[in-house]
Amino acid sequence: MASVSRVLRADGLLMLTAAIWGAAFVAQRVGMDHVGPMTFNGVRFALGALALLPFAMKSAGVAERPMAPDKALWAALAAGLVLFLGSSFQQWGMVYTTAGKGGFITGLYVILVPLLGLFFRQRPGVWSWFGAIMAVVGLYLLSVDGDMNMDWGDVLVLVSAFFWAGHVLVVGAVAPRLNAMRFACAQYAVCAALSLVAAFAMETPEIGGILDAGIPILYGGLMSVGVAYTLQVVAQRDAKPAHAAIILSLEGVFAALAGWALLGELIPARGLFGCGLMLAGMLAAQADEFRKPQA
């Protein structure tokens with residue numbers, strides 16, 4: 001059992017991870033002023049993969065029942081594909097919505113994971129359904145205006161949340177049998193390759209635009225992908241998954257704060273109340289995890 005000091009250190013690292021990820025929504029918004037969504041994603045995930053590569057090469061340890069190399073390759077391809085879809089819809093959505101709204105809507109994947117688990121014969125508990133209802137009401141207050149219209153950007157980010165949830169399920173199914181650092185590096189490389197192919201097919205990538213978006217891309221690649229992921233891995237050695245998920249769900253709060261501080265984005269009172277309901281729903285959805293007997 002982890003000592004109190006190690007648990008507190010883990011909490012601090014998870015909080016820092018949530019802050020880095022939250023601020024990344026600002027980087028994503030600013031980056032869109034210079035490059036297209038696919039170009040931004042392609043370069044930042046390539047940087048993230050390169051940042052993890054030295055650690056992946058040096059990382060030791062495998063699972064007790066390691067996956068066969070050919071199956072491990074297919075697992076990395078599958079995870080990278082879902083990651084590509086999630087990041088693509090999110091990045092498209094960030095062209096039309098704010099950093100704060102994007103952060104909160106993306107955070108709905110915390111609730112969607114147990115609900116999508118129905119397709120894998122995993123039955124969500126009562127608190128998961130209660131949290132989902134709260135989140136839906138909160139999403140309505142945040143994104144739907146008085147004329148019953150929902151911003152296109154919010155719709156795209158909501159679609160991305162389903163893919164983020166699917167990514168969690170895919171990783172959860174294969175990660176126990178793989179070297180975590182190498183698997184992460186591989187899936188980021190797959191996502192980068194798919195994004196760059198889409199960029200050249202759908203956009204006109206230019207070196208000048210990439211250089212102009214250099215700071216947002218560097219932050220998104222090195223900090224959000226490379227540093228934050230490493231911090232999460234280190235922290236979760238001493239933090240239970242449900243406990244970690246609650247702290248990481250604060251990503252939306254940090255996104256809203258960063259959007260306000262750096263971009264001057266404001267969320268009206270109705271939207272703020274919706275954000276509060278969404279955050280409460282995310283926390284409530286984790287109650288079922290705490291009710292499970294711990295080994």
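Quick reminder: no glycine exception, Cβ is built from N, Cα and C everywhere.
So that you can see what the record holds, here are the features copied from TrEMBL:
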- 11-143: domain 'EamA' (DOMAIN)
- 12-30: transmembrane segment (TRANSMEM)
- 42-60: transmembrane segment (TRANSMEM)
- 72-90: transmembrane segment (TRANSMEM)
- 102-119: transmembrane segment (TRANSMEM)
- 126-143: transmembrane segment (TRANSMEM)
- 152-283: domain 'EamA' (DOMAIN)
- 155-176: transmembrane segment (TRANSMEM)
- 183-201: transmembrane segment (TRANSMEM)
- 213-231: transmembrane segment (TRANSMEM)
- 243-263: transmembrane segment (TRANSMEM)
May I ask for the residues of the chain that lie six or more residues beyond the transmembrane segment (126-143) and have a Cβ under 8 Å from a Cβ within it?
101, 104-105, 108, 111, 114-115, 150-151, 154, 158, 267, 270-271, 273-288, 291
Run the contact check on the transmembrane segment (42-60) against the transmembrane segment (243-263): 3 or more C-beta pairs under 8 Å, excluding pairs closer than 6 in sequence.
no
Quick one: do the transmembrane segment (243-263) and the transmembrane segment (72-90) reach 3+ CB pairs under 8 Å, ignoring pairs fewer than 6 apart in sequence?
no
Could you pull out which residues elsewhere in the chain have a CB under 8 Å from any CB of the transmembrane segment (183-201), counting only those six or more residues past its ends?
36, 38-39, 41-43, 45-46, 48-49, 52-53, 55-56, 72, 75-77, 79-81, 83-84, 87-88, 171, 174-175, 225, 229, 233
Establish whether the number of Cβ pairs under 8 Å between the transmembrane segment (72-90) and the transmembrane segment (155-176) reaches at least three, counting only pairs separated by 6 or more residues.
yes
In terms of Cβ proximity under 8 Å, which residues at least six beyond the ends of the transmembrane segment (102-119) contact it?
22, 25, 28-29, 90, 93-94, 125, 128, 131-132, 135, 138-139, 142-143, 153-154, 157-158, 160-162, 164-166, 168-169, 245, 248-249, 251-256, 259, 275, 278-279, 281-282, 285-286, 288
Near the transmembrane segment (155-176), which residues from the same chain, at least 6 beyond its ends, have a CB less than 8 A from one of its CBs?
63, 67, 72, 75, 78-79, 82-83, 85-90, 92-94, 96-97, 101-102, 105-109, 112-113, 115-117, 120, 139, 143, 183
Can you check how the pLDDT averages out over the domain 'EamA' (11-143)?
86
